[in-house]
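Below: the structure, in structure tokens.
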Ligand SMILES: Cc1c2[nH]c(c1CCC(=O)O)Cc1[nH]c(c(CCC(=O)O)c1C)Cc1[nH]c(c(CCC(=O)O)c1C)Cc1[nH]c(c(C)c1CCC(=O)O)C2
């Protein structure tokens with residue numbers, strides 16, 4: 001029998017209390033992360049160092065006993081493999097060389113093979129070192145979200161540069177997204193073959209797309225990835241997180257054929273229940289409730305458990321944990337979930 005609760009939920013089983021992990025659970029809110037990060041030098045050095053990346057992945061598992069570990073890496077290792085000049089500026093986030101339409105046909109996806117080898121080595125190490133009951137989640141960015149950073153060259157509030165690029169150069173945009181889809185699918189296949197139990201595709205910027213663009217740029221490339229991954233790894237379990245997709249999540253789930261749909265905190269329980277009829281959902285506590293703690297945290301947790309706890313649920317935040325989150329509040333969150341009555 002499958003002992004990893006998260007995998008059982010991905011297979012459609014309802015498990016109570018639900019398995020729980022937090023997006024960005026390895027990170028700056030943990031003193032042990034900050035210490036290892038210091039040792040590594042730059043953030044990317046940490047991502048490509050299997051010893052240290054294994055260490056920071058395990059830190060939140062040791063401290064909190066989450067039901068799943070998520071590989072420590074970043075969605076931007078794909079543009080880094082493509083030699084797009086990625087670097088992280090302290091306090092400002094990622095910077096890349098903005099890509100021009102005429103450069104897209106010359107990108108070389110075969111660079112992923114050697115460039116990403118250290119990340120794959122980390123996955124293998126993790127599977128050996130994790131407790132047997134802890135699931136291992138691999139991940140990558142969705143083509144659209146990765147492309148938004150490649151086009152703007154930095155984070156923006158609404159990804160206007162990438163949206164404009166898509167309207168002005170639709171053919172080049174398609175070429176870019178489908179190249180990223182093929183390359184990212186190969187990357188996920190390698191993670192699964194190295195020992196990941198499942199993978200999550202992060203489409204953090206899906207919510208800025210209009211309906212037609214959502215179909216073309218968020219749904220179709222991810223559907224292609226899911227198809228390619230499952231051809232290479234039959235039965236591969238995949239979580240799709242299309243942040244801000246709102247009412248489009250129903251068609252997203254159907255057309256991409258993902259096993260679980262990640263929910264940001266704006267998704268109402270009525271819609272989440274509807275989505276749950278077709279399979280697992282993951283989410284969706286507002287990360288700010290975790291910062292606030294107390295009644296705000298308890299009410300948020302209880303509402304999710306009461307409404308979604310009798311179906312296939314993976315408890316998570318509606319987006320990544322922030323550096324300000326107090327460790328005592330993470331402990332309170334876990335305690336609230338694990339002592340809840342069905
Ligand atoms: C858009 C995006 C990125 N990276 C990621 C996304 C999608 C999810 C989301 O929307 O949050 C995904 C990601 N980034 C990181 C992980 C690791 C695994 C985990 O614990 O969840 C994952 C899954 C580590 C990280 N990735 C980054 C950090 C902080 C770097 C540091 O230690 O200084 C971590 C722990 C850096 C990063 N990486 C990225 C940005 C915009 C930043 C800067 C913002 C920030 O500083 O928080 C790109």
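Using N, Cα and C of the backbone, Cβ positions are placed for all residues, glycine too.
Any TrEMBL annotation is an automated prediction that lacks curation.
Predicted, not measured: the structure shown is a model, and the values here were computed from it.
Quick look at what TrEMBL lists:
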- 19-28: domain 'Uroporphyrinogen decarboxylase (URO-D)' (DOMAIN)
- 24, 25, 26, 27, 28, 74, 149, 204, 319: substrate binding site (BINDING)
- 74: site 'Transition state stabilizer' (SITE)
- 137-153: domain 'Uroporphyrinogen decarboxylase (URO-D)' (DOMAIN)
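Recorded features from TrEMBL, shown on the structure.
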| residue | record | DSSP (3 states) |
| --- | --- | --- |
| 24 | substrate binding site | coil |
| 74 | site 'Transition state stabilizer' | coil |
| 149 | substrate binding site | helix |
| 319 | substrate binding site | coil |
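Listed recorded positions: 24, 26, 74, 149. Those with a CB atom under 6 Å from ligand 1: 24, 26, 74.
The record assigns 24, 25, 26, 27, 28, 74, 149, 204, 319 to the substrate binding site, and the maximum Cα to Cα distance across that set is 22 Å. On the 0 to 100 pLDDT scale, the domain 'Uroporphyrinogen decarboxylase (URO-D)' (137-153) averages 98 in this prediction. Sequence-distant neighbours of residue 26 (substrate binding site) (same chain, 6+ residues apart, CB-CB distance under 8 A): 33, 56, 57, 59, 60, 70, 72. Each of the binding-site residues 24, 28, 319 was ranked by the number of other C-beta atoms within 10 Å, and first place falls to 319.
Neighbour list (residue 149 (substrate binding site), Cβ cut-off 8 Å, at least 6 residues apart, same chain): 76, 79, 94, 96, 155.
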